[in-house]
Every structure is written in structure tokens, then in C-alpha cells.
Amino acid sequence: MTDRRGLLIILSSPSGAGKSTLARRLMSWDPGLKFSVSATTRAPRPGEEHGREYYFLSEDQFKGQVRRGEMLEHAHVFGNFYGSPAGPVRDTIEAGQDVLFDVDWQGEIQIRNSDLGKHALSIFILPPSIKELRRRLESRGQDSAEVISRRMLKSWDEISHWGYYDYVLINDDLDATEERLKTIVSAERMRRIQQPALQEHVRKLQSEFEDLS
């Protein structure tokens, strides 16, 4: 038995709020943290490997896993199915390692309602303002004005569900937000349910106490 059970760390935010950067920093801070590998029904792209970028499944295989309750969360996006297989996540957290999820609020709810939900830690990242959110999207130089407008419209749908999350951070300073994020993760790792070895330790203390009498 490991001293610690891993967490399911869920990071969500509207596009441009800094979630991806914070996720990279979190994984740099703790190289043992694993990023969740999703399953998908889309075809592999050149250079992609099964089990590394994605678990590539047929539609029948994917739907079968959903029916059997083997997906923590799943969604249909642009004609393909995507989801988080429960098996690899369960194995990872039982080995004492955390798993990081980049999902939206709907994925957060599904994970929270799964049998692993009691080990979930969900964090929502807010921008300091809508004006700053647009500025960040435009400064990337990656998207057309039309795509940016679509992302801005979707951002309110994401932001409006902030109340589903355990913690909400306003990312007005990236370094400060990173430190707050690490503080949250460090504290949540110490939750009683995340320390399976505690029960045996308490039994040992009880036995020692009884030997005194």
C-alpha cells in the first residue's frame, strides 16, 4: 500500500485564461504528475501512438466502454467521441500519483459523479477581465477574428459554471496564480481519504497504547 493515494486534478477555464500554461508549470513542478490520456474515435494523425497521445478506439469499442461505466467522462466533439478511460486513471492514483485533467465543466461534473469522484480536486481559472481575456486571445496570433469571436462567446458559458468547482483562482498574475495552485494541490494531498496508510498507523498506535496497560 502506498503512503498516498493520487488526486484527480481537474483544471478548467475559458480559452485564454492561462489554464494550459498553468498545467505545464504544475507538471514541471512535479514531474511525477501524469496528464490524463484520453480515448478517441478519430483516426490517428502522423506520429501519434496508441496510449501516448490518445487511446484510439473504434466507435463500437468506445460506446461499449461507456455502457460498461469504463469512462470517467465523455463527449461528442466535431463528429468524434472523446473520453477519459477509468482504468489507467485508477491504476495511477492507486500507485500514489496524481492525474491532471484538462476538461470543461461538463467533464468536471461527470468525473465528480464517478466512483473516483471522492478523489477529485477541481480548480477553475478566471481571467481578471473580459477585456484582458480578448487581449490574450488576440496576442496569441493563432486564430482569425471569427474564431476569436466564437471563443469569446463560448467563454461565458464556461465562466457561468464556476460555482461547480472546489477552488476558483483569478489569474491576474501568472506567477502568483501558480503559487496558489501549488499550495492547493499540496494541501489537498494531505486529505485523510488520500492517505490510505493512516488507518494502519492508527491501529499500530492503538496496539502500542494497549500494551501499556
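Yeah, the Cβs are placed from backbone N, Cα and C, and that goes for glycine too.
What Swiss-Prot says about this protein:
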DOMAIN    6-186  domain 'Guanylate kinase-like'
BINDING   SER13, PRO14, SER15, GLY16, ALA17, GLY18, LYS19, SER20  ATP binding site
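Overlay of Swiss-Prot feature records on the structure.
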{"residue": "SER13", "record": "ATP binding site", "Cβ contacts under 8 Å, 6 or more apart": "LYS19, PHE124, ILE125, LEU126, PRO127, GLU158, ASN171"}
{"residue": "PRO14", "record": "ATP binding site", "Cβ contacts under 8 Å, 6 or more apart": "PRO127, LEU133, ARG151, LYS154, SER155, TRP156, GLU158, ILE159"}
{"residue": "SER15", "record": "ATP binding site", "Cβ contacts under 8 Å, 6 or more apart": "LEU137, ARG151, LYS154, SER155"}
{"residue": "GLY16", "record": "ATP binding site", "Cβ contacts under 8 Å, 6 or more apart": "PRO127, LEU133, ARG134, ARG136, LEU137, ARG140, ARG151, SER155"}
{"residue": "ALA17", "record": "ATP binding site", "Cβ contacts under 8 Å, 6 or more apart": "ILE125, LEU126, PRO127, LEU133, ARG136, ASN171"}
{"residue": "GLY18", "record": "ATP binding site", "Cβ contacts under 8 Å, 6 or more apart": "ILE125, PRO127, ARG136, ASN171, LEU174, THR177"}
{"residue": "SER20", "record": "ATP binding site", "Cβ contacts under 8 Å, 6 or more apart": "ASP102"}
Cβ neighbour count within 10 Å of LYS19 (ATP binding site): 18
Reduced DSSP assignment, LYS19 (ATP binding site): helix
ATP site, defined by SER13, PRO14, SER15, GLY16, ALA17, GLY18, LYS19, SER20: further same-chain residues with Cβ within 8 Å of the Cβ centre: ILE125, PRO127, LEU133, ARG136, ASN171
Stretch-averaged pLDDT - the domain 'Guanylate kinase-like' (6-186): 94
